[in-house]
Amino acid sequence: MALRGSHRLEVIFKRCIASPVLHSHAANRRSSQLAIKEGDPNSNGNSGQYQQNGEQKEKGWRRLVRFFVPFSLGAVVSAAIIQREDLTPTIAASKMTGRRRDFNFIADVVAGCADSVVYIEIKDTRHFDYFSGQPITASNGSGFIIEQNGLILTNAHVVINKPHTMVQVRLSDGRTFPATIEDVDQTSDLATLRIQVNNLSVMRLGKSSTLRSGEWVVALGSPLALSNTVTAGVISSTQRASQELGLRNRDINYLQTDAAITFGNSGGPLVNLDGEAIGVNSMKVTAGISFAIPIDYVKVFLERAAEKRKKGSAYKTGYPVKRYMGITMLTLTPDILFELKSRSQNMPSNLTHGVLVWKVIVGSPAHSGGLQPGDIVTHINKKEIKNSSDVYDALADNSKTLDIVILRGVKQMHVTITPEDP
């Protein structure tokens, strides 16, 4: 459009250039003829004078044309550029609108399955809020609905080994219900809860065996008690053995992902792009390294739990309940140590083993004693701690208190904890 406009102006300018010349020649001819008809003796000389005047006028017109034409052409070019700049954002915006619609696959996944994700609160029945008079929240986690009649799947560490507490579940629509623990398997860190509600949105279960490294996944849950939180990433590994993570008595190949899984995400679903749960969010080591229990392993737990319920007994396996300290921990394997040292300059270079404290329950003995997430336990009661089994053994001792040596950054510190009896 701008080019057509510039072409029209060019034609007009050519006509303007030609018309002054024609006009001056016609004027000269008319003046010469008038002089001859009147019989002026100096008519020949006057006609030459008129011709000179015409030539001067012609030169003047040419000067004006030469002066105005560049400005006019510059205006045309500027108008074309401005018009093109005006059109460019419109075209880009239309393309971006289509791109947003075509590539917003994470939002499509969330829209299809977020209603089945729940927020789980563990209420301390011994301590009450000063203003509301309600039990305070000792810890929290996530879960997701697997049956319309109120059966919820979560991690065992979210709901058990917490004396003097009660469990509450908040749905995505804000409704809150008390929950009862039905099935527990501490070995696999899985548990089911029941709330007395029907016609709930159910999460579809996929197949973790078909996953590939690099596949997109979405983690749903309530990190740091922030309900309905969505993070996304890819599957980093489909076969991360529990032995690599220093987890005792667990024959599980975990799913490793770089999707952010923070405190409170535990028990929530790890979902594929078809909106199917392919894992249960379990733990985080550091930013970009988190783990989930494969859904194929979870299905075995659910089948056994259903058989037990048909027989009238709950499905409970795992270790005997020991004294309660209130932490979630992870053994520092060589691979994990290497990753931590590469991400943090505060890690001592001579550290070769220990246990990482990655969660501390508020109000627990560990919290009261001063343990913090990120601390590394190296000794308990003067015994070297190499893995999480050593911590369990220390809890099984008859010692009333635990004198714990920790590394916090580059500083070595001592804390004293008095575990609670079961």
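In case you wondered, yes, glycine gets a Cβ from its N, Cα and C as well.
Look at Swiss-Prot and you will find 1-17 tagged as transit peptide, backed by sequence analysis.
Sequence annotations record features per position, and here Swiss-Prot assigns compositional bias 'Low complexity' to 42-54.
Look at Swiss-Prot and you will find 64-82 tagged as transmembrane segment.
If you look up Swiss-Prot, you'll see 139-302 marked as region 'Serine protease', on the strength of sequence analysis. If you average pLDDT over the region 'Serine protease' (139-302) in this model, you get 89.
In sequence order, ASP189, SER266, THR328 are the residues of the chain that are 6 or more apart from HIS157 (active site, charge relay system) and have a CB within less than 8 Å of its CB. Annotation comment: Swiss-Prot describes HIS157 (among others) as active site, charge relay system, evidence class similarity to another entry.
In the shown protein chains, 25 other C-beta atoms lie within 10 A of the C-beta of ASP189 (active site, charge relay system). Residues annotated as active site, charge relay system in Swiss-Prot: ASP189 (among others).
Annotation comment: Swiss-Prot describes SER266 (among others) as active site, charge relay system, evidence class experimental evidence. All protein chains included, SER266 (active site, charge relay system) registers 30 other Cβ atoms within 10 Å of its own Cβ. According to its DSSP assignment, SER266 (active site, charge relay system) is coil.
Residues or ranges marked as domain 'PDZ' in Swiss-Prot (evidence: sequence analysis): 325-410.
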Residue counts for the domain 'PDZ' (325-410) under DSSP, helix then strand then coil, are 24 helix, 25 strand, 37 coil
On the three-state reduction of DSSP, what should I expect for HIS157 (active site, charge relay system)?
helix
